[in-house]
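To start, the structure itself, in C-alpha cells.
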Amino acid sequence: MAELQMLLEEEIPSGKRALIESYQNLTRVADYCENNYIQATDKRKALEETKAYTTQSLASVAYQINALANNVLQLLDIQASQLRRMESSINHISQTVDIHKEKVARREIGILTTNKNTSRTHKIIAPANMERPVRYIRKPIDYTVLDDVGHGVKHGNNQPARTGTLSRTNPPTQKPPSPPVSGRGTLGRNTPYKTLEPVKPPTVPNDYMTSPARLGSQHSPGRTASLNQRPRTHSGSSGGSGSRENSGSSSIGIPIAVPTPSPPTAGPAAPGAAPGSQYGTMTRQISRHNSTTSSTSSGGYRRTPSVTAQFSAQPHVNGGPLYSQNSISIAPPPPPMPQLTPQIPLTGFVARVQENIADSPTPPPPPPPDDIPMFDDSPPPPPPPPVDYEDEEAAVVQYSDPYADGDPAWAPKNYIEKVVAIYDYTKDKDDELSFKEGAIIYVIKKNDDGWFEGVCNRVTGLFPGNYVESIMHYTD
C-alpha cells in the first residue's frame, strides 16, 4: 500500500515535471542551434554541434518517458493485485452466506419431520445349533456313467471282424467352406472368407446297398497262374471321411499277389457283360486250396482277401469286358442303367495291370434275389470260416480307365492330376462344379482351404477336394 502511495504522490508527478522541462529545453536548444548555424563562419562545425545537441536531447527525453512508463505499469500491477484480493474476499463472503442459508433451511426442514426409532441388529447371525460335519465316505469311480451320453457309437454295434459284406462308407458330412460370392469373377481362393456357410452333406445315391444274401461262396473252375507278389499300399480317403476300408477288415497292409491277366480271347464272353462298355470292371479272385471263389464288383474299394461277396449279378451296369493295354479303339458310351441293379462307382484304389495270364471263362453268377433291402440295418451275416493266409492267393484288381489311351478334347493341356468323383456334388455358388459319381475331373489348381479347381466336361470351376480320389495307374 505504501508503494502504491509513493508512486501516486512522488514518482509519477516527478516524471511528468521532468518531461515538461525537457520540452522547454528542447525549444531553447533548437533556437540556439539555428542562430549558431546562421552566424557561424564554419558551417560544418556548426552542423556537427547541432547534431550533438539533437542526439543528447532525444536520449534525455526517451529516458524520462521510459521511467514514467515503468512507474505507471507498476502502479497498474499493484492495483490489479488489490482487485484480485478484493474479489477473493467477496467470493468467500458469498460462500459463507450460502452455507448459513443452507443451515437455516435444513433446520427449518428438520422442524417439519418426525423422529424414527431404528433398532440396530447384526447383519450376520450365527446359527443356534451348529451343523455337524459330514463324514467323508469314499465311493468307487463308475466309468460307465457317461456311456449313454452324447452321440457316440456304442461298442456293441460294431461289425465283427472280417465280415463278408461289401459295405460302403458314408459320404463326408463336412466339406471345405464354400467360397465367398465376391470371388465369382475369378476362380482364385486367395480372398479371405467373411462368413462360413453351413455345410450341406452330399447326397447318397439310392442304388447303393449291401447284399447279405449274396455272401454264399460261388465256386468256379480253378485257375492256375504264375503269381507276382506285389505289395499294395492302402489309399486313405480324403476330406476326413475315414478309411475307405470296411470297419471289420483287418488286413489293410497285407501284401497281395497280383496274377497277370491275359488279353481277351475270342471265346464266348460272360452273358452279363456289355460288349461296348466304356467303363471297366474290377475282378477279384481268391484261391483257397482246390476251390476258387470269384467275386465281381464294379467299384474301386480295397477289400481283404476274405471277401466272398458277389455284387454284380445282372448285366454289368458300370463295366464291361476287360480290355487289355493294347486295345486302342474307343468304346461307345455305356448302356443305360437298369433301375434295380446295384451299382458301385468307379472309385477307390484304381489300378491298371498290364500282365498276361492263361484264363478260362467263368460261368456267370446267379441272378440276385428280389428281396434285397436297400441299406438294410439288420445285423450282418456271420463271417466266413477263417482262411489260412499262407495258402491263400491274393486278388487281382483291374480297372479300365475310359481316358487311359488319351485325354479327351476338352481336357486342359497342363493339369496337376486326374481324379475321379466318389460322391455326387451339386454346386452352391456360380463358380463351382456339379458332377455325378464316377465323373473324371482334371485338377489344375489345389488351394490351401481344401478346394480344388478343375475341368469336367468342358466346365471349369471349384469343387471340394474330399469328394474326389486320385487315379493312379500301375505299370510294370
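The backbone N, Cα and C atoms fix where each Cβ goes, glycine too.
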Task: Residues flagged as region 'Disordered' in Swiss-Prot, choosing from 24-55, 312-343 - done: 312-343
Open item on the list: Test of record reading: of S89, S251, S277, S434, which one does Swiss-Prot tag as phosphoserine?
Closed with: S434
Open item on the list: Say a student had to find the phosphoserine annotation in Swiss-Prot: which of S220, S262 would be the correct pick?
Closed with: S220
